[in-house]
Amino acid sequence: MAEYQNIFTRVQVAGPAHMGVPLPEQDSPRTGKKPWQIHLLGRLGMAQIGPIYLGPLGILSIVFGSLAIMIIGFNMLASVGWNPIEFFRQFFWLALEPPSPKYGLKLPPLNDGGWWLMAGLFLTISILLWWVRMYTRARALGMGTHVAWAFAAAIWLYLVLGFIRPVLMGSWSEAVPFGIFPHLDWTAAFSLRYGNLFYNPFHALSIAFLYGATLLFAMHGATILAVSRFGGERELEQIADRGTASERAQLFWRWTMGFNATTESIHRWAWWFAVLCPLCGGIGILLSGTVVDNWYLWAVKHGVAPSYPAVFAPTIDPATLQGVK
């Protein structure tokens, strides 16, 4: 007998394209005349592509974002002598570095960090325009603005890393370079410089909310998949009539841990855990160097960590190795 399994999407319903709700008179038209469907996307979610509403904010966001990506990309290409083969071979190690400490908050020459400043400006404008677009689209649809404010939490962390903290520290060299491995190297050097971020309480909270959000998402996703044979994935119907799917899902968690979330509260829990991850992370980064110079010594002072004897020679301050040389 075949067993019902739905870890991967098995069934696609091919129906007529949905054009969306009517737009207000003052809005620009949607992009794309006729939506189309892609079977592979239907295995992950809705197979329909379009129509897309860009509007002036969306178009400007894409323009500024494209300029930022081009500046970063061409600088990386220039760093390998305009060799496309080396560009792809070394891509994960290439970077566009911030200015060196000697420039402080001044405008440096383009090749000494000026390109980094320009790319960061364009990227920030692009992200903020996209946020405004998300907010206005939610309002136009009569929705709440929960998605926009969740995105704002991520923007907060981005601005702390690349703008707010460098300004408070008085140097653009404190910011993160553009690049995959280089930004990871920056993170490791940052932790070493400020005495191990593991002793930063806001870093600990950020990781707790990160793992918590992952756990909640896994619990919620697994529960809905487990009762989808009873129609549990049709949440609109379940709100009006809990039916056997929601009853079984809630009964399962009451049986296993003595408590169950509701169809609404699980989403509120997940939203808060996900939002608090970058919010706490941004606070922890912002306090490093501005308020606390060494998180390990801070932890020793407050009885969080033991005091270890000095065995090895002091390491070189990573701050002296950052920025464009």
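Each residue, glycine too, has its Cβ placed from N, Cα and C.
Swiss-Prot annotations:
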- 54-80: transmembrane segment (TRANSMEM)
- 111-140: transmembrane segment (TRANSMEM)
- 143-168: transmembrane segment (TRANSMEM)
- His183, His203: (7R,8Z)-bacteriochlorophyll b binding site (BINDING)
- 198-226: transmembrane segment (TRANSMEM)
- His220, Glu235, His267: Fe cation binding site (BINDING)
- Trp253: ubiquinone binding site (BINDING)
- 260-286: transmembrane segment (TRANSMEM)
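Shown here: features listed in Swiss-Prot, placed on the structure.
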residue: His183; record: (7R,8Z)-bacteriochlorophyll b binding site; contacts (Cβ under 8 Å, 6+ apart): Ala95, Val176, Pro177
residue: His203; record: (7R,8Z)-bacteriochlorophyll b binding site; contacts (Cβ under 8 Å, 6+ apart): Leu197, Cys280, Gly281, Gly284
residue: His220; record: Fe cation binding site; contacts (Cβ under 8 Å, 6+ apart): Ile266, His267, Ala270
residue: Trp253; record: ubiquinone binding site; contacts (Cβ under 8 Å, 6+ apart): Thr223, Phe259, Asn260, Ala261
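Distant neighbours of the transmembrane segment (143-168): 98, 105, 120, 124, 127-128, 130-131, 134-135, 174-176, 271, 274-279, 281-282, 285-286, 288-290; these residues of the same chain sit at least 6 beyond its ends, with a Cβ under 8 Å from one of its Cβ atoms. Outside the transmembrane segment (54-80) by six or more residues, the chain places 27-28, 31, 86-87, 90-91, 94-96, 115, 118-120, 122-123, 125-127, 129-130, 132-133, 136, 178-179 with a CB less than 8 A from a CB of the stretch. Following the DSSP three-state reduction, the secondary structure of His220 (Fe cation binding site) is helix. In the shown protein chains, 15 other C-beta atoms lie within 10 A of the C-beta of His267 (Fe cation binding site).
Within the same chain, residues 6-7, 191, 232-233, 235, 249, 252-253, 266-267, 269-270, 273-274, 276-278, 280-281, 283-284, 287-288, 292, 295-296, 298-299, 304-305 sit at least 6 positions outside the transmembrane segment (198-226) and bring their C-beta atoms closer than 8 Å to a C-beta of that stretch.
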